[in-house]
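Structure, as structure tokens:
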């Protein structure tokens with residue numbers, strides 16, 4: 001089940017405001033989706049995700065297949081029952097994780113043979129197997145199995161011929177994924193994935209073939225895989241707005257706050273990335289005025305919160321009143337610096353709450369600006385603020 005309602009568009013860009021209706025609820029777009037690799041978003045309670053406005057989260061098909069395994073998940077009726085999340089879930093196909101195994105895997109037309117990174121067992125993932133796993137997970141949005149085209153192969157930029165061969169196999173896998181998805185009578189929604197590397201002609205070919213399959217939604221894959229930023233932005237400017245206008249568009253694995261704003265301007269509706277959670281665990285925080293390295297010595301005695309305009313629990317405490325509005329209930333940079341220096345678990349947890357809140361609030365501001373016809377102004381202000389620096 002999937003219904004996508006296009007609510008408004010921005011006349012000065014390809015940005016759009018929409019509403020996605022799935023089996024487990026509605027999602028207002030544009031949206032950022034926190035990543036819950038092993039069935040949890042690292043370092044944050046599900047209650048906190050609800051409080052900060054998370055509407056949909058991700059699960060990782062590959063890792064959940066390996067642990068806890070399908071028998072366990074089936075016993076709970078799928079991923080929603082297992083992790084006690086009652087809103088929509090999107091699961092990836094497992095293709096990127098298998099691709100990341102490098103020498104431990106062998107890709108053939110039939111699928112991917114690989115050694116389990118957990119116990120070394122020999123395993124096989126095909127489009128059909130991926131659909132079977134994701135049907136057991138009962139995720140609201142299911143991704144086709146694809147081959148992620150790398151930016152470089154053995155230190156050299158992937159050739160157009162190699163990218164074409166990879167893209168065409170992903171198209172064949174898309175058809176096999178669709179056939180198996182339908183055979184299983186899966187009531188959820190299957191997305192296709194546009195590939196083609198950094199070659200716009202291949203992206204266009206992939207896009208046209210997938211659009212002809214009339215899938216419920218489409219993703220742009222194979223970006224943020226080691227290419228220079230200008231190359232990623234070029235593909236981002238080329239592909240999203242060419243996808244069917246009445247279907248949701250998902251940019252996979254991207255990215256920084258600036259990337260999200262630019263993606264929205266190019267017509268993207270959905271984003272996911274591990275950056276807010278991973279960076280939080282490594283002491284890098286996103287703020288209105290740029291990124292903050294909380295481990296730096298200059299924060300040792302700083303009484304300010306991470307972001308004076310932020311209303312997250314970390315910055316504003318239980319009152320939810322931002323520092324700039326007179327609130328003084330949040331945690332200081334000095335305290336967070338201390339937690340990081342001491343290796344206290346609470347440090348990364350509070351940082352994760354802040355980063356995820358920042359991303360989700362950024363998307364909320366974008367939706368509000370689109371509703372008000374003020375996206376161009378918001379885009380300019382966000383760019384200027386972030387460039388200013390903390």
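Every residue, even glycine, has its Cβ placed from backbone N, Cα and C.
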Candidate sharing the substrate site with 92, 93, 94, 95, 96, 195, 222 (per Swiss-Prot), from 140, 146, 269:
146
Region 'RNA binding' per Swiss-Prot - which of 262-266, 272-276, 277-281:
277-281
Per Swiss-Prot, which one of 299, 337, 338, 354 shares the Zn(2+) site with 310, 312, 315?
354
Same-chain residues at least 6 apart in sequence whose Cβ lies under 8 Å from residue 315 (Zn(2+) binding site):
305, 306, 307, 308, 322, 323, 330, 331, 354
Counting distance between Cα atoms, which of the recorded positions 92, 272, 310, 312 is nearest residue 195 (substrate binding site)?
92
Other than 310, 312, 315, 354, which residues of the chain come within 8 Å of the Zn(2+) site, judged by Cβ distance to the Cβ centroid of those residues?
305, 306, 307, 311, 313, 314, 316, 330, 353, 357, 358
Give me the DSSP three-state residue breakdown of the region 'RNA binding' (253-259), ordered helix, strand, coil.
3 helix, 0 strand, 4 coil
